[in-house]
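The following features are taken from TrEMBL:
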ACT_SITE  THR165  active site, nucleophile
BINDING   ARG193, VAL194, GLY195, ASP196, THR216, GLY217, ASP218, GLY219  substrate binding site
Amino acid sequence: TAWRVLQLGGSELDAVEKGCGQCEIDQCDGSVGYGGSPDESGETTLDAMIMDGNTMEVGAVADLRHVKNAIGVARKVIEYTKHTLLVGESASLFAVRMGFPYEDLTTQKSLAVYSKWLNQSCQPNYWKNVVPDSSKSCGPYKRPEKVTYKEEQTTSQRSVHNHDTIGMVVIGGTGTVASGTSTNGAVHKIPGRVGDSPIAGAGSYADSTAGGAAATGDGDIMMRFLPSYQAVEYMRMGTDPTVACQKVISRIQKYVPKFFGAVICANTTGSYGAACNKIPGFTQFHFMVSSPLLSQPTEQVVDCI
């Protein structure tokens, strides 16, 4: 969809918006768009961002409710406000003022996922050091009277299958770069949680003087390292896109060896690459590429490091 937009003369930003928006409509992997990843209260909320590598403008929404086209709303943040990031119910009100329909993001599928989770004592969840014991029972949780901190598990709780994001980098014919992301976040997240996807430099980053990058995986961990920004900076220094991606993954590995995550990178000449962290069940990363050199969108695979 993004490639078609470019071929029809649309801008790089148009391509990112329409490409990610197609994933929202298709509910890609159940991890993008409405009706997926219900939070602890059973609600689906959306995070998205879009970045213009020429002007360095970013539009983003987080914890967006009742509006399906999150990346579309993010684009409107650039076009009609001087802000970068709008969140929560207020972001939804902004979206409605911009002409987006107010809709229910819940589906039979998301309700089924939610009720199954409740029936298995709310496992897994994202709480720690609370009472009652969050590894055995549902909340409401609170701080214990006497705090004894348990060592945090460094393994990503998120299974490889329960979380992903659409991340996209578009390089125009003249080397102009745009990027974007859209996701419904981590399944069973604590309400109000915002991951890496709508954060500039974390979920994605675009700079028309260097290139663009986008990340996917355990956003709570990945956002601490601004991997997309870091990857673009490596490419600015002349590092090959594949190596830039690998270096970013290696930096996170030092602190969290078992994190789930991957990064895609493309520079202004159209070279591209990707890297991922090798954990059980996730040894390769698949991503799609369209370019003038390819007759059709082509799936590429890299081995995780």
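The backbone N, Cα and C atoms fix where each Cβ goes, and this holds for glycine too.
In TrEMBL, annotation is done automatically, which means it is predicted and not curated.
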Maximum Cα-Cα separation in Å among residues ARG193, VAL194, GLY195, ASP196, THR216, GLY217, ASP218, GLY219, which the record lists as binding substrate: 16
Minimum Cα separation from the residue listed as 'active site, nucleophile', reported as the residue among binding-site residues ARG193, ASP196, THR216, ASP218, GLY219 that achieves it: THR216
Winner by Cβ contact number (other Cβ atoms within 10 Å) across the binding-site residues ASP196, ASP218: ASP196
Other C-beta atoms that fall within 10 angstroms of the C-beta of GLY195 (substrate binding site): 25
Residues that sit under 8 angstroms from ARG193 (substrate binding site) by C-beta distance, when 6+ apart in the chain: ASP39, ASP63, TYR126, GLY185, ALA186, ASP220
List of residues, in chain order, with Cβ under 8 A from that of VAL194 (substrate binding site) and at least 6 apart: ASP47, ALA62, ASP63, VAL87, GLY185
